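Feature list (source: Swiss-Prot):
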BINDING   Gly27, Leu28, Ser29, Gly30, Ala31, Gly32, Lys33, Ser34  ATP binding site
BINDING   Asp76, Val77, Arg78, Val79  GTP binding site
COMPBIAS  344-353  compositional bias 'Polar residues'
REGION    310-353  region 'Disordered'
Amino acid sequence: MSNGGDQQQHGLLGPDGAPGRVVVVTGLSGAGKSTALHALEDLGFFCVDNLPTSLVQPAVEACESGGITRIGLGIDVRVGSFLAGATAALDSIRTGRDVVILFLDASDETLLRRFSETRRPHPLTTGGSGAIAMLDGVLLERERLASLRARATIELDTTRLSTHDLRRVVIERLRPARVEVPRMSTRFVSFGYKYGIPLDADLLFDVRFLDNPYFVHGLRELTGNDEPVREYILKNPDALEFICRTEQLLSFCMPRYASEGKSYLTVGIGCTGGRHRSVVLTNALSDSLRRKTGLPITVVHRDVARVSTSGVPSGVGEGMAGAPGVDLRLAQPGATPSEPRPASDTSVTGGER
């Protein structure tokens, strides 16, 4: 049985019994180190950027003492005395650990273009201006990093890679065993246009062309989570056609958004008050797409619990009991969903149109 000192000296085993993994991300400035670190974070790595080489071993040991077995470290020429301490620092953490050095590079032309687009100076540019000074910085950085490049476990040329491509490559090459590739999280939000559109929506669909149950006796105080409202809306051929066509569009788009590295997708479906038509169609589309795409989908009915003209909170009662995915927060008109409306404020004027 090893004591705490042995554990620190020989590293910490992961949940599967494998040695802890430390990925050191380095390379040319502008080659994509930040993107690579973000990809590691998506894989569950604890990442620290711009770490001085003298703190590499203490940082790794501190993480392991807290039970962290996947660690990402970003090191570049902006760190003082980089070359002097890099070799010793990396050697100090190799024992008992799976240490990977990821070196990122790109063509001089590509690096210059990226710095020009971001309007940021190269970290080694100490004087002069324009492309000549920038190129001098790139060439000097290549020279300084030559010895570390020779020690790299993985070398990636990002010249022809977009940020999404680089993220995908890093995940493919460095994903630990038993760790799933991060999947895009999709959220469907039903809402009422009279209260404003969801500010975080990527896609919006307007279903106010359908007949409104608000004007049907016995349906006004119900919501789209109640079966009578659902039956009323879905007996309309236009509603079924909308579901079919929108499902085809989203089943085409969603996997492609996910493959491009998009982490979140918010789809808004709106009617006038957000209590009837949008709720029914949001439920129908999300259920179908969840089965077809296999992507995680959550549902929020933002305005389903707003107060109707009668003063009775719509949807409150037997029809709402246990309704899945219902957000019962009462938001102020024009406010974001994170700003709850006081429960005592039930003033809503005017009926639906």
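Glycine is no exception: its Cβ is also placed from the backbone N, Cα and C atoms.
Shown on the structure are the features that Swiss-Prot records.
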residue: Gly27; record: ATP binding site; Cβ within 10 Å: 28
residue: Leu28; record: ATP binding site; Cβ within 10 Å: 24
residue: Ser29; record: ATP binding site; Cβ within 10 Å: 23
residue: Gly30; record: ATP binding site; Cβ within 10 Å: 25
residue: Ala31; record: ATP binding site; Cβ within 10 Å: 27
residue: Gly32; record: ATP binding site; Cβ within 10 Å: 26
residue: Lys33; record: ATP binding site; Cβ within 10 Å: 23
residue: Ser34; record: ATP binding site; Cβ within 10 Å: 14
residue: Asp76; record: GTP binding site; Cβ within 10 Å: 20
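The DSSP secondary structure for Gly27 (ATP binding site) is strand. The shortest Cα-Cα distance between Asp76 (GTP binding site) and any of the binding-site residues Gly27, Ala31, Ser34 is the one to Gly27. Under the DSSP three-state reduction, Asp76 (GTP binding site) is assigned to coil, being neither helix nor strand. Neighbours of the ATP site: apart from Gly27, Leu28, Ser29, Gly30, Ala31, Gly32, Lys33, Ser34, residues of the same chain with C-beta atoms within 8 angstroms of the site's C-beta centroid are Asp76, Leu104, Ala106, Leu111, Thr158.
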